């Protein structure tokens, strides 16, 4: 046949270390029908500071592949919540082959058509808290590319029609496809009139949704006469592909005929018993349809002679004959994104008779519903059992309902189908099932009641079990509990939800407490972060005693908002918020930077030099507010105003030094006992904050940061001179009509907050 090649690519994205599914990068692709091979080219490269990151360490990259919905991954091997089904996916780990670039290739032969999802992440790190802009961060960028090769003009087989084919010597195989409509119970493919050099040297392979593989359902026509291959309970509304392959080494031309027969329950003329009311056909409580098989099909159901419409039934394999049971629809009620309830007509209580299954269909919309969690709940009404040992089994299958007639072994799986089993009885009357990231399409729930005996399960007699059924779609499992937050995420035009856990809790629903913080630990960390701000009380007292009232007000502001910000910023349940979190964070950051600003400006002693020195305090408040609004975590937005204040102080000190021709401050005691210790304490606090702080040690390292910063302010805050009577006034000289006021003790460097004072000497 003729092949067509399609190419798809995605924009490179920065990968993050894995913490939860919210930290992964998700890529969405669509593979067209009739694709014979799909090749993913996985490109990964490093960047640092806008250039190639040759010096960045090699970190392995894990990529997950899944068809139909995003992968449910668990790289940290945490525990899933109870009653959670984990769909499978394929994982691939990329290693580095070049210093700054690596490429991986992932091939899928005959992939399933439709949506495919790739998830990628870096390994979990130690959780270091880095200051933004302090150094160039290593970035790992991931870009997947998809190349598909698909066949065009594949021959279509029509049910009941014979297709003749002659396979030339240079041809190895012939590919066909047939569409299977809804409510089809069986697909039968047959090879007729096969003539070749060695009898019928053909393999017959059949597969749903995509061209067959080597492990698909296969039949050797040389060993089976007639050459027939049957598929019971096929997937509805899908293409089935038929591959007729010639044995290797067979010379000459092989001619044959291919035909397909579809068994449809809508064809037999099985009338509904006249004694059953129409409500029984709709699976209302205490009755589920007629005793015989009913019509099935995509078209409206046939009408009886009295114009009573019958429901759409489904096939069920029993010991003696094939029967079809009604399918009960559900009503979709959308409340919000990934918040959908599926209501049952005349429900939610449904009756399960002893001799027939009750079948329901849940339709999930393509793409829109695959990013949430499908929840199913069965609750048995024990009073309806009349003392019998009844067990109600439920099979949830995707694409086609499955109800087995084998009473000895209750299962929801066949060779081609895999489903989920639920059961309720008088002892365990409640059963739940959660499927994160379910495949879209039709999900069928088949309920069946059996009685337990010494010989296994057998059909019950005259006992109709009543079951409460609830089905709904939610964003996350139990809304991630009290130790998690359900986040709605987006990748291009695809929405999905995931839990982000806190306080050491892990898992898909934040239910794994292997590394969880205890209540005492949470209380201790909260108290340390809050009470460490009490260290600002000594600087406030020193500022008030030295008449630095503006500085004292700023320190009180900082102490107050830092305390309540950290009380609100806790990850666990020990949380107390007096305002919105964003307001508390802004005020905490503003107070911290304003404390540095007013302390440095006070150290500069600008009042004798600049008459309106208070303007600088207002200027600093405006500059810091602007910087915090731009980026609260940016290094230079926060460091710039602080360096500006230090520059003002340096200029003021240099001017005094030049004017006096003596170092300022002039006394060695000021340097040895105040300035140097304060500067060292502040430097130690900055180093701890920038290079030592991690998520694990945050509560005590940041508390130490509070203590050191507040302590450094107490050392660096300059004393305010006071009037002193121990120094007499100097003689005045007459001048030119103006007076020059000089702070004598400040000029001499004799100011001390305990004994020194201000003595203004006016000369004229």
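Every residue gets a Cβ built from N, Cα and C, even glycine.
Annotated by TrEMBL as transmembrane segment, the relevant range among 548-567, 728-747 is 548-567. Looking at 473-497, 573-597, the range tied to transmembrane segment in TrEMBL is 573-597.
Note on the domain 'EGF-like' (499-510): DSSP counts are 0 helix, 4 strand, 8 coil. Ranked by Cβ pairs under 8 Å to the transmembrane segment (671-692), the stretches 516-536, 548-567, 573-597, 634-655, 698-717 are led by 698-717.
Below 8 angstroms of C-beta separation, residues 526, 529-531, 533-534, 536-537, 539-540, 575-579, 584-585, 587-588, 591-592, 594-595, 598-599, 602, 614, 617, 702, 706, 713, 717, 720 of the same chain, each at least six residues beyond the ends of the transmembrane segment (548-567), sit close to that stretch. Outside the transmembrane segment (573-597), and at least 6 residues removed from its termini, the chain residues within Cβ reach (under 8 Å) are 482-483, 503, 519, 522-523, 525-526, 554-555, 557-562, 564-567, 617, 620-621, 624-625, 627-628, 632, 638, 641-642, 645, 709, 713. A mean pLDDT of 91 is what the model gives for the domain 'EGF-like' (499-510).
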